[in-house]
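K.L.:
Before I ask anything, here is the structure I am working with.
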């Protein structure tokens, strides 16, 4: 009986399609020449597991699963369109304006508080910004933005944590502003939404990225505001800005190229973790120090600078801030003071999850209940 079963199986194998394939045409499946054998996304995760498990300890598993999960977005209302109508429509979706909720409904500090009161400059938030998010734990999505009656898009979808560096910059009416690494344009658009920029210089080294920035501006900003006397878009080497326009700006945003941690875990295209870009990735902190130093040199004495990344790495965050401050002190005898943003963290803790142990600045860490970020930002004042 057993012999009959074996013979039957053998006959079935002989009749199977793959049994008729000539031996010379049988081969193992090979990777396409354009498909990496070890994807950049896997390299990124391997790198993060090695470094961030040490940096964040017990917090890393929670951050890790959040990074690998769907990101949460905010809707930045376009004040140049019918802003009040758009806000009402977003409220009907049960979304909330987290900026208005935090800034205008903050609780006053108790009189017997032991913490030192922050300076008025560090308290200031850039005005007129409206950004709606869904509450913690609500994973609803915003519908795609529409073209309004004025020919401009109603709102801009972005990681709501990306708005924090702009808020921290504390723009005042009539400020001259530099966005040193402006593309793809979300923060530049937010700067213009404040209505405070007497003129704005938006720069990015990549011409393809500045083209994308221009498309964002054309979709959201009226022609008269985009006038070259008010908004100037350039593709210069940001590291040389201190030589080009030193001591010029009231406010400077330095949102540097970084490992873009969340993007690197989900996208293969143009990933900084591609093997061909290994040296570029290793040199990122050097580039970041150079860009921040240039931004500080471009700032007027008494002006303010915000440095930001979308990376969790303290090598790209706190260490870069400290390195640039030392560089300016040693080479230019320029003193820079880091602003305390503890109060800022308290303002927005209902919307974002903050890492509690940054040496300088603040870091939004991804959390499944509030899956924004990562976003690091540090505010500085150029003293001399």
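Quick reminder: no glycine exception, Cβ is built from N, Cα and C everywhere.
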K.L.:
Name the one residue among 224, 250, 255, 261 that Swiss-Prot lists for the same S-adenosyl-L-methionine site as 185, 186, 187, 204, 209, 237, 238.
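P.N.:
According to Swiss-Prot, the candidate sharing the S-adenosyl-L-methionine site with 185, 186, 187, 204, 209, 237, 238 is 255.
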K.L.:
For residue 187 (S-adenosyl-L-methionine binding site), which residues in the same chain are close in space, meaning a Cβ under 8 Å from its Cβ, but six or more apart along the sequence?
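P.N.:
Long-range Cβ contacts: 162, 163, 165, 166, 179, 253, 255.
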K.L.:
Do you know offhand how many angstrom separate residue 238 (S-adenosyl-L-methionine binding site) and residue 310 (active site, nucleophile) by C-alpha?
P.N.:
18
K.L.:
Measure from the Cβ of residue 209 (S-adenosyl-L-methionine binding site) and count the other Cβ atoms within 10 Å, all protein chains considered.
P.N.:
16
K.L.:
What whole-number Å value do you get for the CA-CA distance of residue 237 (S-adenosyl-L-methionine binding site) and residue 310 (active site, nucleophile)?
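P.N.:
That separation, Cα to Cα, works out to 21 Å.
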K.L.:
Measure from the CA atom of residue 310 (active site, nucleophile) to the CA atom of residue 204 (S-adenosyl-L-methionine binding site) and give the result in Å, rounded to a whole number.
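P.N.:
Cα to Cα, residue 204 (S-adenosyl-L-methionine binding site) and residue 310 (active site, nucleophile) are separated by 17 Å.
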